[in-house]
Amino acid sequence: MLKCNNFNYALFGNPIDHSKSPEIHSFFSNQTGIFHNYKSINIPLGEFFYYVSEFFKKNGKGANITAPFKQEAYLFADQLTERAKIAQSVNTLKKVDNKYILGDNTDGIGLLSDLIRLNFIKKKSLVLILGAGGAVRGILYPLLSFGCSIFILNRTLSNAEKLVLQFNKYGIINVFNKNLLKKKHFDLIINATSKHDQSNKNIIDLSLISNKTCFYDMNYTKSISCLNTYVKKKSNIFSNGIGMLVFQAANSFFLWHNIYPKTDSIIDILKDNIK
Ligand code: ATR
């Protein structure tokens, strides 16, 4: 049961302990002067609908949703933005006119904004995405719309194939096949496999990486994974996902309050403080 109901914005997930979202939203609240009482709530698996309904019945006005509940949030929403419909995954909910719950997905625009900030992406970039889970579902449409060509490499081939079938109407997207890519280097590699599963080194052949290949890890722990160390044998252009986290939060904040907060200084603060 939700014990406290004096907050009106929340993050729901499991686990949630190390989330930076409350700090980011408190920063946005101070910066814009918009009162925005944001709390993170760890909810038991299987109880998403109950907890989130209770929250919106009480003072809840908006919520962020993280793993593993983004698909449930997609089903929970009464209406969906176009990008949430395409992703079939929701990371932001908003109570609209006290009548219905709108579901949005700001992960993709969050990632794209950070890749542009870092100068990691160009219109025709050749991109390799590692993973084919919920996180990838949210980022494919914005990257394809930007003009990138995408290859997906995943432990379970059928999960990558499903995504390709779903998204190939939006641009050039294929399952990774090294025979198709002889002598080609990727411009950008994005690690979207789950945080605890980065032991998957040797997943890609170093011949596909040049010293100009950018590597973006959507996770944002400071510890360098085996995969990152492996990629760094060829390229040193690396970023973790802290900027993506800030930009997706800024876009959620915009959905809730119609004001887009400044992002640069909070990215700098968090970059220096992650563990
Ligand atoms: P998220 O919502 O964070 O994307 P997810 O939907 O569980 O979480 O997806 C996790 C991704 O990491 C999947 O692509 C998964 O591969 P499978 O489709 O084969 O399950 C990938 N992954 C998990 N453990 C992995 C491992 N040990 N090696 C390689 N990939 C792994």
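Residue 1 is the first one shown; counting continues down the chain.
Cβ coordinates come from backbone N, Cα and C, glycine included.
All annotation found in TrEMBL is predicted automatically rather than curated by experts.
Copied over from TrEMBL, here are the features:
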{"type": "DOMAIN", "residues": "11-93", "note": "domain 'Shikimate dehydrogenase substrate binding N-terminal'"}
{"type": "BINDING", "residues": "SER19, LYS20, SER21, THR66, ASN91, ASP107, TYR220, GLN248", "note": "shikimate binding site"}
{"type": "ACT_SITE", "residues": "LYS70", "note": "active site, proton acceptor"}
{"type": "BINDING", "residues": "GLU82, GLY131, ALA132, GLY133, GLY134, ALA135, MET218, GLY241", "note": "NADP(+) binding site"}
{"type": "DOMAIN", "residues": "124-196", "note": "domain 'Quinate/shikimate 5-dehydrogenase/glutamyl-tRNA reductase'"}
{"type": "TRANSMEM", "residues": "126-153", "note": "transmembrane segment"}
{"type": "DOMAIN", "residues": "241-268", "note": "domain 'SDH C-terminal'"}
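Mapped onto this structure are the features recorded in TrEMBL.
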| residue | record | DSSP class |
| --- | --- | --- |
| LYS20 | shikimate binding site | coil |
| GLU82 | NADP(+) binding site | helix |
| GLY131 | NADP(+) binding site | coil |
| MET218 | NADP(+) binding site | coil |
| GLY241 | NADP(+) binding site | coil |
| GLN248 | shikimate binding site | helix |
(message) Of the binding-site residues GLU82, ALA132, ALA135, MET218, GLY241, which one has its Cα closest to the Cα of LYS20 (shikimate binding site)?
(response) GLY241
(message) From the DSSP assignment alone, can you count helix, strand and coil residues within the domain 'Quinate/shikimate 5-dehydrogenase/glutamyl-tRNA reductase' (124-196)?
(response) 33 helix, 17 strand, 23 coil
(message) I'd like the Cβ neighbour count for GLY131 (NADP(+) binding site), meaning other Cβ atoms within 10 Å of its Cβ, all protein chains included.
(response) 23
(request) In whole Å, note down how far the CA of ASN91 (shikimate binding site) lies from the CA of GLY133 (NADP(+) binding site). (result) 14
(request) Using a Cβ-Cβ cut-off of under 8 Å, list the residues of the same chain that are 6+ residues beyond the ends of the domain 'SDH C-terminal' (241-268) and lie near it. (result) 9, 20-21, 24-25, 27-28, 31-32, 34, 36, 61-62, 64, 91-92, 94, 102, 104, 106-107, 109-111, 113-114, 117-118, 216-220, 274
(request) Mind checking which of SER19, SER21, THR66, ASN91, GLN248 has the fewest other CB atoms within 10 A of its CB? They're the binding-site residues. (result) SER19
(message) Measuring Cα to Cα, how far is GLY131 (NADP(+) binding site) from ASP107 (shikimate binding site) in Å?
(response) 15
(request) Output the one of LYS20, LYS70 that, of all these recorded positions, has the highest number of other Cβ atoms within 10 Å of its Cβ. (result) LYS70
(message) Near GLY241 (NADP(+) binding site) in space, meaning Cα within 10 angstroms, which of the binding-site residues do we find among SER19, SER21, THR66, ASN91?
(response) none
